[in-house]
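Annotated in TrEMBL:
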COILED    96-190  coiled coil
DOMAIN    282-438  domain 'Nephrocystin-3 alpha-beta'
DOMAIN    512-636  domain 'Nephrocystin 3-like N-terminal'
DOMAIN    661-820  domain 'Nephrocystin 3 helical'
DOMAIN    831-1069  domain 'Nephrocystin-3 TPR-repeats region'
REPEAT    971-1004  repeat 'TPR'
REPEAT    1079-1112  repeat 'TPR'
REPEAT    1121-1154  repeat 'TPR'
REPEAT    1163-1196  repeat 'TPR'
REPEAT    1205-1238  repeat 'TPR'
Amino acid sequence: MGTASSLVSPAGGAGEVIEDTYGGGGGEACEIPVEVKPKARLLRSSLRRVGASRPGGLIGASFKSMASVQELECAAEYERLKKEYEIFRVSKSNEVASMVKKEAKLDRENKRLRAELQALQKTYQKILREKESALEAKYQAMERAATFEHDRDKVKRQFKIFRETKENEIQDLLRAKRELEAKLQRLQAQGIQVFDPEESDSDDNCTEITATGAQSEYWTGGALGSEPSMGSMMQLQQSFRGPEFAHSSIDVEGPFANINRDDWDAAVASLLQVTPLFSHSLWSNTVRCYIISTDETQPEVDIFIRNYSPKLQRICETKGYFFQVVHFPSENQSQFKDVRKWEIEKSFLVILLMKSTLSSCLLDDCEEAFLKNPEGKPRLIYRRIEEGTVGSDSVQQLIEQVCYVNKAKIIDHMGEVDEGAYEIANCVEKIIKQDILGYENTELEGKDLGNKEESTASEEDDFGDVLWDAHDEQEQMEAFQQASSSTCELGFEKYYERLNDLVAAPAPIPPLLVSGGPGSGKSLLLSKWIQLQQKHSPNTLILYHFVGRPMSTSSESALIIKRLTLKLMQHSWLVSPLTLDPSKLLEEFPRWLEKLSARHQGSIIIIIDSVDQIQQAEKHMKWLIDPLPVNVRVIVSVNVETCPQAWRLWPTLHLDPLNSKDVKSLINAECSSANIKLTKEQEKKLERHCRSATTCNALYVTLLGKMIACAGSEGNIDETLQQCFQCQDTVSLYRLVLRSVQESLPNDMDKDLMREVLCLITVSHNGVSELEVMELYPELSSALLASLVHSLHKMCLLTYGCGLLKFRHLQAWEMVRLEYMEEGQNISSYRQKLIDYFAMQLSQDRVTWRSADELPWLFQLQGDKQKLHKCLLNLFVSQNLYKRGHFAELLSYWQLVGKDKSSMAAEYFNSLKEYEKSCEGEKSMLCLADLYETLGRFLKDLGLLSQAVAPLQRSLEIRETALDPDHPRVAQSLHQLAGVYMQWKKFGNAEPLYKQALEISENAYGAEHPRVARELDALATLYQKQNKYEQAEQLRKKSFKIRQKAARRKGSSCGFALLRQRALQLEELTLGKDTPDNARTLNELGVLYYLQNNLETAELFLKRSLEMRERVLGPDHPDCAQSLNNLAALYNEKKHYDKAEELYERALDIRRRALAPDHPSLAYTVKHLAVLYKKMKKRTEALPLYERALKIYEDSFGRMHPRVGETLKNLAVLSYEGGDFEKAAELYKRAMEIKEAETSLIGGKTPSRHSSSGDAFSLKSALSPNVFLEHGQR
């Protein structure tokens, strides 16, 4: 028998089975240890294997019993394990159930905590907002409290000074009164009659007071007690003289000591109203030189253009002008007849170069330029003379006619061609200097302009604290002239009435919206209404601004507010530093508006056209929703689609589409200008077409008429009408206009050039000049460019503004952008072309206002911050922008670069240090000093006072080293440095600097120069800030006297010299033409000479005006009364009282019959006749006239109006002279109450004196069709 095939070895450990690897028989059976508990299946398997391997072997009884025990043990162990497993399972189940309960509990707790957290977050946000609101309210309250404290302290100081001054005056007057009464009694006791033959300072220019045979300038004993004396009353009255312009005589300010400020204001405004009479050449920013030449003189033309034109161009550039030479070659003379005539009208200077003959077309040009020159523009004739050569009869006749009218300078040259061109250039240079740049004749002799202008050009412009951009103002004047150029009224009468009602309505009233679709005629309506207001209401001050296309300079809100604020300052006759910070400007503008409204004797109307085109209009025009002074009205125009939602609740005047009658009249006007008459069938087609809102607006119909007029000259009206009828809006019609102009060009090259020019204008900031176009495209001749511009201008595509070519209407700009520049790549390429052009100018150190305007703006649009940063660090570019007041624009560029104020200041200062290393010579060092000064002023405006000191000190050091220490430019540096210290409230540092600047200015210019007055004003302001009011008042009085004397000598700094120059040109316009307009112009010229104290010349013009009005209007017309009144005032000034009395009585008789019994103009004449009677000692005749004038003024303006106070003072004088002392005292007391109210108003502490009712009444009277005001009809 064999043994088991597997053994359980004890050595193997418990439960380990070891297989028998030996196949031989034999072996022994081993017991399975009890400790090992094999599974029953394992044991059975082992036994089967033993039996199979050892057949016939015996199984012992011991093994059998062991198997049975083993099974029992296994079963017991199984039961035990089963129980343990069950216990384990139950416990785990309980644990799982407990965990589930805990999880559910935690979920509920988590949800509760989340809800509490959200509630806490909401509470936190609410508290945070409340905290921010509380802080903001706290800061606002602190600001209000500080302002209140400041105003309260100021009022306390002013009241203290006023009380002390009045107490001292009363004591002095009482003392003088007692002394004079004692003297008077002694003289009367001696039987001596006392009189004073001199004239007083009162309104009636009379102080002869001879009551009861004795002279007494004061109230008699006991009549007034402690009231001021009559002499004090006399001093409070102001001089009133001169022609009829304004009625108030309360304020003595203005350019002349003996001229009332309101008279002067009205005279300036009246003369400015006639500026539309001037042609474009007088306002254009381009010195346009038109050359007429023959084949014989072509060499001189070529030399002049090649050698001398660049120099003249640089001369004009330094003053902000373009120089453009226009010349049509002889072979093209007959092709461009209309273009040549247009160019002659535009040109400032026309030069004729000839030898012996002139062709017929040239003779026509010469006749147009030299014999039909109503504006007296400069003309030059160059005649080359050779021995043995005699000019043709036509040439001789032309020279004789030109010599007869004496309107041209003639150069006869007998030498080489080069010398002739040199003589022409010298003469042109002298004309430009005298007539454009304004240099005196003495400065021209023997000096080269290229050197002179660099040394002195900017001295006068830089002097002063007010930064004014002449280009912005000129752009607005041109925009107004262009908007009002249409001769068609388009049924605007009903809109005029609504605008007049707005002005006459009682305050407060919100701004009026003039709304309409694009091209509906909003600008035309406003400009025409402005002209009517200026004609019928000369006392109304109108401030206007016409916004151009989006993103142009005219649409920048900061520049608009700055311009309007400067206009308010100008009309206030105040020149003071003006902040350039945009946020502060928004605060300053309403204050200046309130200040001027309190002093102005009429309404103030602010008109902003296309206000919705302003960038962020609602944010920057928020002053529109603030309460305005009662005599201020605001009118804004908007497009219906783009009007801000918040403004739609304002009163609105909506422009309706044109009716069929207006459409027909407008088209017929265009056709009649081209001598074309439409058939009835064509008129019916036009009437059917122009029925929708888009096809019957003013611009669309105007373009349609121009297209028909052009087609009529070519004989294809029906074809053109069919093409026009397919255009259902203005943009599509503009596209048709553009294509028609393009088809009229002779070749593809000209068409491509037209496209290039239009695309350049589209991508530019403010347009491009003709000079820039010709430099960008050298293949473009001046003749071709002139022809192209003429065609586009005639079809309302292009216009001029500041010498730049611009789109006339926004729709034209949109059309070109859609037609030529749909792809963004085209826009970038044209922008890059302009960038390269202006960057080349900078690389040549040729920094002009054009490069400063365009280059940073183009970099901004391109998104090239690196190049923009580099451009801004060009010190001359930043200086140009700052000096022209483009402060906000400069700041926006730096913000785009990512620089704050401090880092910007540091970069500028470092750039200046680097630039200083390359400066050599006096000229470059002076230029460096100017740059340092500009940086200092810029930092001062930014509020970086500590950083502004260093550049200003450096500028002072350079000027003291390069110039004499007593040079005026050193005084300029001292003035600017002192201004920083004063703003910094370091008064101890500022005072010695101001005093030193004052001393230098007095030594350099004399004690009565305006710059001395400027230093006195600055020093007075410093003393006022230190509460040294007496010293400040003395300096202000001294400064005021200097300004009056200086203004009397050379006219006002606000444009009097320009007005005088234009007056002489207007004189040429009125010769030989009897019209109401020319009579009015003669009247204004007479007043202008009157205000210059040139009475003889004034008398000639006033007489001519009266004679012309009597011939044209009739001797009983109210305008004749104005001329009679003005002549009477002149004779009154010359002390020809008899003549003055006769003329005043004639004027009064006319106005009694023409005007209402209570009209202010009637009171004006009544009062002046009373003044004259008083001078002539006809007091009985004067007294009822004064009383009548008083009643009219009280009924018209209210009992507290300054004119009422003035008349009351005159009545008090008459009553005193008549012995009625109690009545005189009562009248004088009323007059003083009005005077004190006026003084408080001028201080700006009370609302405007114009009550809404009184203002409305005066305006309704002024706008009544039956009323003829002083300026007459235009």
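Any Cβ shown, glycine's included, is placed from N, Cα and C.
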Review point. Over the repeat 'TPR' (971-1004), what is the model's average pLDDT?
Key: 91
**Study point:** Highest-contact recorded stretch vs the domain 'Nephrocystin 3-like N-terminal' (512-636), from 282-438, 661-820, 831-1069, CB pairs under 8 Å
**Key:** 661-820
Check your understanding: Using DSSP, how many residues in the repeat 'TPR' (1205-1238) fall into helix, strand and coil?
Key -> 31 helix, 0 strand, 3 coil
Check your understanding: When DSSP states are grouped into helix, strand and coil, how many residues of the repeat 'TPR' (971-1004) land in each?
Key -> 31 helix, 0 strand, 3 coil
Revision key, fill the gap. Secondary structure of the repeat 'TPR' (1163-1196) by DSSP, residue by residue, totals 31 helix, 0 strand, 3 coil
Practice item. Run through the domain 'Nephrocystin 3-like N-terminal' (512-636) and tell me, per DSSP, how many residues are helix, strand and coil. Key: 62 helix, 22 strand, 41 coil
